[in-house]
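Some notes on the structure that comes next.
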Amino acid sequence: MIRLEKRPSPSRFWAAATPVLAVIATMIAGGILFAALGKNPFEAIRTIFWDPLFHESFAAYSRPQLLVKAGPLILIAIGLSMGFRAGIWNIGAEGQYIMGAIFGAGAGLAFYPSESFLIFPLMVVAGAVGGWAWAMIPAVLKTKFGTNEILVSLMLVYVAENILASVSSGLLQNPDGMGFPGSRNFGQWPAAANTEIFVNSGMHWGVVTAFIVVIFAYVMLTRHILGFQIRLTGESPRAARFAGVNPTRLILICLGLSGALAGMAGLFEVSGPAGQISIDFGSGYGFTAIIVAFLGRLNPIGILLAGLLMALTYIGGELAQLMLGLPSAAIQLFQGMLLFFLLAMDVLSNYRIRIGKTEVA
Amino acid sequence: MTALLKLEGLTKAYPGVVANDDVSFEIRKGEVHALLGENGAGKSTLVKMIYGLVKPDRGQMEFDGVPFAPVEPRAARATGVAMVFQHFSLFEALDVAENVALGMENPPSQRELAARIREVSEAYGLPLDPHRTVGDLSAGERQRVEIIRCLLQDPKLLIMDEPTSVLTPQEVEILFQTLRKLQSEGTSILYISHKLEEIRALCDGATVLRLGKVVGRCDPREKSAAELAEMMVGSKLQPPIRDAHEPGDVVLEVSNLSQASHSAFGTALKDISFTVRAGEVLGIGGVAGNGQDELLSALSGESPAARHAVKIGGEEIGHMGPNQRRQIAVLAAPEERLGHAAAPGMSLTENALLTGAVRQGLTKNGFLKWGDTRAFAELIIKEFDVRTPGPENAARSLSGGNLQKFVIGREVLQRPEVLVVNQPTWGVDASAAAAIRQSILDLAEAGAAIVVISQDLDELMEISDRFAALNEGRMSKPQPARGLTMEEIGLMMGGAHDMEVAS
């Protein structure tokens, strides 16, 4: 008989080991899935996890892509993790990401074709403000009227998508674009372009920002009273109130922070890898970042690793589609499994497993 | 009389602790048997084994001459064992009959059930309307729901875990009459309590547990309360001492405090006024749920009140939040240890920071001084004899009594000028309770104004200078505690509301 026994304190060892176990379990279950699809499971796993990093002909292309994809995921996930720790569920990062891109791009394009070095910083700030403002809608509604931030933030994603569709063939449409929807391409406007800092490294300003934010978040959570208040609120809202935490203020801070970071991620994406505001700009980073935040145990360092891992499965997944003809649904399933196994393995850090008969009649 | 339940060598070990070690005793038919012991002596584990919630590692039980090993409470109930828990398992939004039906295997129709509830409640002198919503009932009435739920099963053995901790003296009297009636009908009762006078008044036999072992059996009617206490604790208890002293100036002044409750089934505070002088302990009694939590929240600053409703040394502070109050040495310790006074999953160091940040200077420009915080946690652990391997352990890993010592110690060591505590010794063993009370008295001695909210009347009588009671959000006028009779206290606590025995 197998029994679960609650641990007096959560195990630190298992908290660190479960993500690794979850990855291994995903590989096994995914391998079985791929085998059932008639593919060689070992080859498929190798294509997803190994080839993007070390394959002699693809790696030079896919390694920089790893950073390009991981950057926004990490940036958004860090912001989300702050709220999640406090029990504030911003599910609408995708919307804030889109609004950040629109605000940032709009602020920049207002000055086209200026070559001032202030353009790009201005766009970054405007992007952050756009995301922040979009997140303030659920925040204010929650604090004033007690609405559910999960629903409001999620619904606002669809609003943002429609605004995106509207501006890309309206307000921000390229006047020289011969009627095609989409804004001017930032890649062709050096003052506004989010360029790679080192050529072919994938390291653009968004990635640098993500790394800096990881460090800030880590310091804040472990050494600052705000981080303590966030953790305390998540652990026990009543104790937090007793400790003098103002719940309204915390909701505004957490949603505002996650919105601003998502908005910045959107701006870095639109001015860099995406290049322009277009109808299909929203790529789901805002949703995937939720998985990244949990995969990283809502811990900044964990999120850094989880973001890289998630980016790897994206790139590896694309590679597997290309090389082995795996259906894209199988890849999505594979990513879903990762979160599923992680949550399932979570039990190990809070419970001890006892096997065998222990009771005597 | 023959034995109804016989326990032989019951042993149950949890990781790190032997909760019950070779426990044997028997309960005769129609006997009211007391199970005595401090918190952590293993009483709860033992009754959980009898009720089928926990399986013993070793040993056997016999019920009515037949081997008895319930695998789950349902099996125990089928055999004839019923239990009233210390913490009620009732749904506040449902009515009495619906709550009773939820605990039954095959509930009859609501109408039939309501009739049976009436019948049983009248037969045993427990007035209860089956159609009232549980959320509106007093703690005493809620307990009646639990008791009636048990009685409907026609039990041979009724287990009661600390049943009087939530009752007024008058309600206790009603309960005892019910239990005596049950006894006269041949029902056995296993009565768990650490209130010795009650046990002497009610029980025919007693088994005393200490650290999981049976350390004595006696007829409680032949022993004095002091003798029973010594059996429980294993040594003589030191009653708290304080020197007579004149209270100083008025420090805390509450005037016309009225406030709605933050929870749906809470009690609004209605026009509460009192003062507490420096060096004085004001004891506030009352049955749970009469505004105790709300009063603590209003005084701690969690639910700020009208500006003029609370004054400290003449200064209006009613509007201030918890940390502003801490700044001016107004501290509080709420009743609920896990989840209110302390965060369960956080370490003791982090929990020391929870209220200590302001007064102990544990932050600098918003950054946390972990070294100082840890030192503060270690100081609390040392000064208040908190048994734990170290401050890095999670609050939830501590026993209730140890965590309570930590929570009280955390506030006391911050040198409060006003301290408000709710249930300072709830679920704490006798020696730890004595230590906590002594620390509260020492604080008063040093000139702090102290408000102790408690449901333990003995405790309040022991440490209070003046006594008042909360009833449905109103507070009686504080009276000098010395010389108050139980009768007077009971009237202050309950007025005369639903004290009458159903005829």
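For all residues, glycine too, the Cβ spot is worked out from N, Cα and C.
What TrEMBL says about a protein is an automatic prediction, not a curated fact.
Not measured: the values here are computed from a predicted model.
Taken straight from TrEMBL:
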TRANSMEM  A:12-37  transmembrane segment
TRANSMEM  A:66-84  transmembrane segment
TRANSMEM  A:96-112  transmembrane segment
TRANSMEM  A:118-141  transmembrane segment
TRANSMEM  A:150-172  transmembrane segment
TRANSMEM  A:203-221  transmembrane segment
TRANSMEM  A:250-268  transmembrane segment
TRANSMEM  A:274-296  transmembrane segment
TRANSMEM  A:303-323  transmembrane segment
TRANSMEM  A:329-348  transmembrane segment
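Between the transmembrane segment (A:303-323) and the stretches A:12-37, A:66-84, A:274-296, A:329-348, Cβ pairs under 8 Å are most numerous for A:66-84. Under 8 Å from some Cβ of the transmembrane segment (A:329-348) lie the Cβ atoms of residues 4, 11, 14, 17-19, 21-23, 25-26, 29-30, 33-34, 37, 48, 288, 291, 294-295, 310, 313, 317-318, 320-321, all in the same chain and six or more residues away from its ends. Tertiary neighbourhood of the transmembrane segment (A:12-37): same-chain residues 44-45, 49, 295-297, 302, 305-306, 309, 326-327, 330, 333-334, 337-338, 341-342, 344-346, 348-349, selected by CB-CB distance under 8 Å and a gap of 6+ residues from either end.
The list of residues near the transmembrane segment (A:203-221) in space but at least 6 beyond its ends in sequence, with Cβ under 8 angstroms from a Cβ of it, reads 64, 67-68, 70-72, 74-75, 78-79, 81-82, 85, 120, 124, 194-197, 227, 230-231, 261, 264-265, 268-269, 272-273, 299-301, 303-304, 307. Between the transmembrane segment (A:96-112) and the stretches A:66-84, A:150-172, A:274-296, the greatest number of Cβ pairs separated by less than 8 Å involves A:150-172.
Residues 89-96, 98-99, 101-102, 105-106, 109, 134-135, 137-138, 141-142, 181-183, 255, 277-279, 281-282, 286 of the same chain, all 6+ positions outside the transmembrane segment (A:150-172), place their C-beta atoms under 8 angstroms from a C-beta of that stretch.
A Cβ distance under 8 Å defines the sequence-distant neighbours of the transmembrane segment (A:66-84), meaning residues of its chain 6+ beyond its ends; these are 52-53, 90, 93, 97, 201-204, 206-207, 209-211, 213-214, 217, 230, 234, 254-255, 257-262, 264-266, 268-269, 272-273, 285-286, 288-290, 292-294, 296, 298-300, 303-304, 306-308, 310-312, 314-315.
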